[in-house]
Structure formats: structure tokens, C-alpha cells
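Undergrad: Can you keep this structure in mind? I'll have questions shortly.
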């Protein structure tokens, strides 16, 4: 065994350097933890351009877990094992966490039989590819959005591979026409590929061979008592089951180690790696013992437990491999004078906050070397480039080390930990110069896409027709009209009456948004009376809202100016890099504060996504304003816990900036509160953070310039009235993950500015959410699982009276774990004491009511059980779940219910939404679902729903938008709007063999209903061709009819009918088209005439194949206009949602 000595920061450089010199040799670079392994891999990709450098990830689950690892990890591991198996021509460098060397994996030759290489022009069919994917653990869905999923649409197959990377394979008969990458969010293709290699989506491939192995090995290990075992039944049926990866050896006759996948590899390792191997062995033995103890209890699990020797190799077996003579053991040095292999040394002379004059002296001293400065983020890179230019040096931006040049400063986004130098290079990290932080690489879905996701419609939902009232959407149904099939929306009304709406007119119906609705009677006048009644009320609401907004805008405010250098210093103290959305929100606030009007903005961002930091930037700008005398900022929060947390954070962040910060809540004594109020009135306090205690008639401010309202949904009516009085002359910033429907609705009508923070922080994982009947086995497993990974758990009980029962259950289920209780009837000081102990890790489980909904931020607490979750509201559930998974560790939420049969449809719907809204950044979606469930609410009164129930949320929203636009004197289509009806005798529908999923098809129909001009129609058409292939004639007919309908709307044509001998046109009753009609009839007197009922008849022999051309020519002749000059106005007669968000 060779021993080498050099700085720890140069480990990846050393490994890639050795690999580059020995390209036929396999290497394994091991790390002491998973984060280091990933960092080493990223560094290796910079140091070398060799394609045979691989990273083998660890499971994100613990040994003997009953949940499956992340799909991306499963798929990535299988992909790497496939590459290691099939790439025999050259050497390989494998980077992995040392504990992975203990894993027992499928036999080495297994993956050589289960991969597929595709290329354009290759002979292959969609059926063959679909069969391969199913047999290799991929899941077939209507749309592919997650790793390991695929979708088949006619002659197109979409597939998501690790990364995630999405590919679209287009077939033509029995060969592959093209392979393209596509964007998962937009589903639009981006670039072509010459080759695609598809590996299994899991290390376990469910086929006849592996299922047979599983069945035999299962019986041999656990006997025949497997009846009614859902895991066993699922697997032998060829279906995946949560956590079945813990039984991997049962699927194969033999297993291999990771080392077996390489050819006599050289290990590069250190003492920490060896220690990690020993610790992991100790860990999985502990988990095995714990699992065995669980199985002895009466709560029998259907998860059998394999012994450690079945699942893992021993630490002694692996360490024996490490100590063989050709391997390289690394010891680290800290001294520049050490004797070093390859002349690598630490650059310890570069200290943090080195003045840049000293830096460039160092660069001059190493002028014979290539200088490389690595930044961790784009903002850091821009700062380094700017500084380099200021010192009159040339820079060369690089992505790989082999792009580095001499005599210039090479800069790039490079994941270096610390500075070091070699004989040829000097590597300097920007983090040591700028105190730079790693940034999140997650991309933000555009606001338009976030809003689009909300616009869904499901079978069985209540809908509202503008003319006929409330009905229930039953399904899409194809009807035969004049021998041609046409898709219709089938709507049920009272008395079992049915209304059929052609899909091209889908915009005439709106979502009602509430489960409990009474169906209207077709032809009844009661609907029109309800609508007219609400119209008058909406006028009052709209006028009041306009007056509020106008009053705020008339109250001009001096532009907020602050010291930029001091502000930059404040920003530099933020320990993370801002996400793209945070920067956007901060810039929005800057603009608001500088435009001379009072700000009124809502920040909607998921829990833990950085809203507080955005608020702190706003606080700094106002509190340090140069053109105000003693400006004050008030931060209002709903709970004492959140108040204490904010106070601590503000004190830490604003240290050294000369601002007096105080808190006011129930933990503050009456005497101290009186002093604080006095100092507020005199201007001695710059920033006050308070609960409802601050919203008191005795609270007076010297010069309140900014009011920040955190989690507004928790404040009562009286408190909101007091807040209103503060708002009238102050800048206002509201923050919430799930804002109350009223606040969100005001943002969506354009009366309150909206910023969305949808980009998760770096390495954030979504919380896995399970809705289930109470199961003591699963709950015990969940709580012990969290305990054994070194964490703590929340157990939320909605009602105080149920806490005693939960105590009894915990004593029985997990007697080995400790717990304490917190609820609203305890004194604030007692709650504070319990919370402090939980923060410190003095007990395992916090049993509490929903008082933890806001303000708890404990990185080690990542499991939550919610008792009787159906009793809680949607926003409450979302806020509670947001207490866990706030760091790099995955959170698990278990929403227990007594029985699905006992739940109302409303409760069941809430739980379905929270379970399905697992994606990071779902708060905006949750809030909008909340509006659907509760209604938008009366915007200016205390009533939550009122008369809105009579017309439904979407139509109410549209009527309000329209009335606001009228008062604001904005151009809008008249309320007496008509929807053109087009009957051309063509087949109009989306065929099942093109798109089979009815929900997806319905969503596309709704999008079609929102298309407002020819350009949008053509873009939509291009997207459909890209996603699903060439348009069938029936779908093409639909889009042609939409374009004709838009032109009819421009020409005030209410009905256009065709027959064998021509067209009949009926104009809208109030349309003034007399001159155009008379001119048209005069010009085409042989073909055109006006009937006694004022309909225009145009005689022309028609055939199907040219009817679209004929009707377009007719309309162009009639109107003398082109379609592309139609205003960008939807037929709904109101701005679309997406256009209302600024």
C-alpha cells in the first residue's frame, strides 16, 4: 500500500491526475460521507474531461427502511452499474461514499443483459420500447414528469432518465425517426441526440426470472406463511412495493460488490473512509437489532427482515481489500514545507477576507503557474471578473481545467473547497476572498406555468355556465353530428337534464370550486336572478377595492434611499446564496420603495424558501433610509414562538448596524411592554417584532414606514381591522406560504403586487406524505426510524382532549422513546421551556396541538405524525408539514385518519391535495386549491363565502375582474358577450389513439379555450406536434375551428352554419355590421343574400377537404381583415389570470 501526503482539498485533483496518467487502470476514490463524494465528483468533472468518471450515490434511506429510496437515486445507481458493466475498453474512475462498498448488488453480468442503445434510423417499434421499459422497472403514465417514468402517445415515447434528463423518441412505423431532449416543465423539445442508452430504472428488475428467484428465496428464508402479505403478493405479480429494495438479494441467485464491477481497481482512500466503513457496519447491525425487536411485538409487520450478512459484506472483507499493496492511502498535511507527491501543497497563505492587493501580489509570485480562481455561484463569478478587470488583469472564463491559459487569470464556477497549488497550477477559491456561498441550482418554473397548473377540471366537479347556471361536469363524450364525431362536455342539471357543450366552446363554463352545490334547472330564471343580484354587490366590492388602491397610490411616499455599500455588507452576511426567485422578489421590493408610492406586495413562498431573508432586506432598506427621520419597521407575526424565532434571527442578522430591535408578545411582562410602547412612540425603537400584543390601541409609532405581516391567515377579524389602520400610510409587505384566499385573490386581480418564491434552497428534498388509517406498526416504524437516524419527531393532535389517548398509544407503541407535551392552554413560559428542551434534543417526540404550525425550525426534526388529519384545513396541513424536511434530510409526514368512510368528501379532497402537492414550492398551488374549496370569500366584509356560492369562484373572479377594469377605464369586452358557434360538419375531437388520458385531454381542451389569437393557436399546435406527434385530422379541425371562431368574434358573427350548398351566418344582435353586409351582398350578388330573419346566406358548393379554406375566404371577404389583427383579448371578456400577475 502506497502512502501519499498532500492537502485534503486536493484529493480529487490527485485522483484525476493519477487516472489521466493511467487511462487503462480502474480507480475507486472513496469518501467519508455522501456530501463529500458528490463534491469530489463535481471537482473531478472540472479537473478532467474524461467521460469515464462516475459517481455512485447512496440510498437516501436507512438500513431496513420500509420506504423506497428516491427514484432518481435508484435510477442513477442502475445506470452507473450498467456503464461499469458495459464499458470494458478503457479505465474508469469511480467516486463513492465508502459505505457503499459494503452493499450487496445484483451479479456483475446482470446489467449487460438489461440495457438498450437507441439511435435515429434504427429499426425499432413503440411496442418493443414500451415492453422493454416496463420490464426494466419504468412506470407508464399519461405524462412523464419524474425519473423512471415514460409516456406513450401514438408514435412518440417520452422517458425520464437520471439527472433528471427527459428524452422524446419519435417513431415512424417500425424505425426511430428522431431522439430529442425535452424540458420537463414545458414538455417542449430542446435538442436532438445521436444516441440514447437506457438502463433499468432500479437495481431490481421485475421479470419472470427475478420473480422466480424472489419466490424461492422468500420461501426458503421466511417459510410459507406469506398469505395476505401485500409486499409478497405485489412482487410476485410483477409490481413494485415501497421498501422492497431492502430485499434485493432475494431477487438474485448470487450478489456482487461494487468492487466486482471494476477490473482490479486501485483504491484511493484515507482514514476517514475506513472509519466510515466501520461506522456503517455498526449502524446496520443496530438497525437489524431494532427491527428484530419490533418483529417480536404483537404489531407484526409484513416486511420480513434479512440478516446483515444477506444484505451487506463485512467491514473486515472491505478493509482487507483496501490494504492491498497497489492501493493509495492518503494522509493530509497542513504545512507548506511538507514533502509532497506531485508537488501539491496547500495555499494556506490565502486567508479569508484577504485584501485584493495582497491577492494579486500572490498571483505575481506564482506567475509561472496557470492561475485558476473558482467561484461557487454566478454572482461570485461576476464579482471576481469585475475585480480582475479593476486590477487591469485579463481573465479567461473556463468550464474545464484543460481550457486554462497561461498569462491570464482563469475564472469559472468551480466547486473547490480551499486554495492549493501544484507545480503547474495555483487554485484559489472565491469563497476565501468573498465569503461566497454555494447556490441553489434548482430552476424556477415560470409564473405562467405555476398558474396553468391550477387550471384543472375533473370529472364530477361542479361547474357554472354563464347562461344556465350550476351543473355537474360528468365526462367528455363523443357524439355523432351529421355523420361526424364531435367531442362534447356533458353537464348534468337538476331534473337529470343534460347539456352538451362543444369542446371548442369550453370557455363558457367555469369551475364552481365548492363540493356542496345545488344544481340549477335548465331554462329556469332563478340563475339569472342570482347573477344579477351578485352583479350589483360586485360593483360595490370593486368600487371599494379601487378606492382603497387609489387612496394608497394618492398617498405618495418619498423614494427610499439607503447606503449601497452598507447594504452590500448586510447582504454579504447572509450565509447562503440567494435563489433566483429571492433576488427577483428583492428587486421587486426595491422598485416599489423607490417609485414614490406606497408598496403593497404579497410574497408567496413555500415554507423554508427564504421569505424571511427577503423581508430582512426590505427592513434594512427602510430602517436605514437616508431621507426619513427615525423610520420604523413593524413585523407582525401570529404566534409567540414565531415572534421569538424572528427576534433571535433579526438580532443576529442586524448586529453591527446600529438598529434598536425589540419584541412584544405575551412572554414580555406588562412593565417591560409599557416601556417598549413608550420607546416606540418616541422613535427610540427602529424595528419592533410582535404578536397580537402589538395590535393594541395603546401602541403608537413615531414614524412607521414599513409594516410586514407574516402568515396573515392566522389573524382574526379584529386584528386585521387594526392592521388596516396601520396600512393606510405605510409600505406593506405580506408574507405567507399559503395566503388566505382574500389576499391571494387580491393579488390575482392586480390590486396587490405579487412575488412568488418557488425555487427551493440547495439540496432541499420534498417531504414524502402518506395519508392512511392509523396503523401502530407504521407509526412505530416511523418514529423509531427518525430516532435511529439521529432525529426527532412531531406528533400533532388537533384537539387537546385527544392528547391523553395519544400518550397511552405512545407508551405502548414506542416505550423506548421519550416525549413531552405542548398546547395552547399551557402558560407561554411553560411552552417556551418545552420548546427549548426539544430544540436541545432532550426528548424524542413533541406531542402538541397546532401551535407548532408557525415558527418551528428544527433541522433535526424530520418526521411528523398528524392525528385525525381530516379535522384540519388545507393551509394548516401544509404549514404543519412545512415544519419538517427544512434541511438536507428528507422529511416524512404521516396523515392518519380514523376511516375514509367517516370523512366528508371535502375532507377527503383536502387530504388528496396535500398528499399530491409534495413538490417543493407548492404553497401557491395549495392557496389556490383552498380558494376552490372555500370560495374566494367576500373581499371587504367578514363573511367568507356569502353570495359567491351562488355563482362559483371562477365566474365570480371573472365578474370582479371585469367590473374593476370598467372602473379603471381599461379596455374590456362588453358584458353582453357572445360566444360564436361554428357548425361545419367536420369531425372535431382529440382521438384516444393520439392522447388516451382523459384528464390530460380535458386539460388541453381548457387551454384551447384560453387561446386568444392566431399566433397563440399556432404555437399551441407546434407544441402538440412536438409532444405527441403529427396532428390527427380531427384535432387539426378543432384548432382550425378555434381560429375561425376568433375571426367570427372579430366580425360579430354569433352563428356560422355550413351545408352542402354554402353557409348561413347570424350576426350578434347588437352588432353594427350593416355597411359591411350591404357591401358584401352588392359585391357578391350572385351568391349572397339577406333572409327575412336578417341572416346572411352565401351559396357555394362545398366539400369536406376545402371547407376550412372556403370559410376563411368568406370571412376575409366579409370583413376585409386578417385574423392576425384580432386584439389579444380572450373570449371570456376578461384578462386571463396569467396576465393579471405583475
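In case you wondered, yes, glycine gets a Cβ from its N, Cα and C as well.
Small disclaimer: the values here were computed from a predicted structure and weren't measured.
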Undergrad: Please find, within the list 702-705, 706-709, 710-713, 714-717, the residue stretch that Swiss-Prot describes as motif 'DEEQ box'.
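TA: Of 702-705, 706-709, 710-713, 714-717, Swiss-Prot gives motif 'DEEQ box' for 710-713.
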Undergrad: For residue 609 (ATP binding site), which of the three DSSP-derived states applies: helix, strand, or coil?
TA: coil
Undergrad: Determine the minimum-neighbour residue: among 609, 610, listed as binding-site residues, which Cβ has the fewest other Cβ atoms within 10 angstroms?
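TA: Fewest other Cβ atoms within 10 Å, among the binding-site residues 609, 610, is found for 610.
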Undergrad: Could you check the binding-site residues 605, 608 and say which one's CB has the fewest neighbouring CB atoms inside 10 Å?
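TA: Fewest other Cβ atoms within 10 Å, among the binding-site residues 605, 608, is found for 608.
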Undergrad: Taking 10 A as the limit, how many CB atoms besides its own sit near the CB of residue 611 (ATP binding site)?
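TA: Cβ-Cβ neighbours of residue 611 (ATP binding site) within 10 Å number 25.
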Undergrad: For a quick check of packing: other C-beta atoms within 10 Å of the C-beta of residue 612 (ATP binding site), how many?
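TA: So the Cβ neighbour count for residue 612 (ATP binding site) comes to 20.
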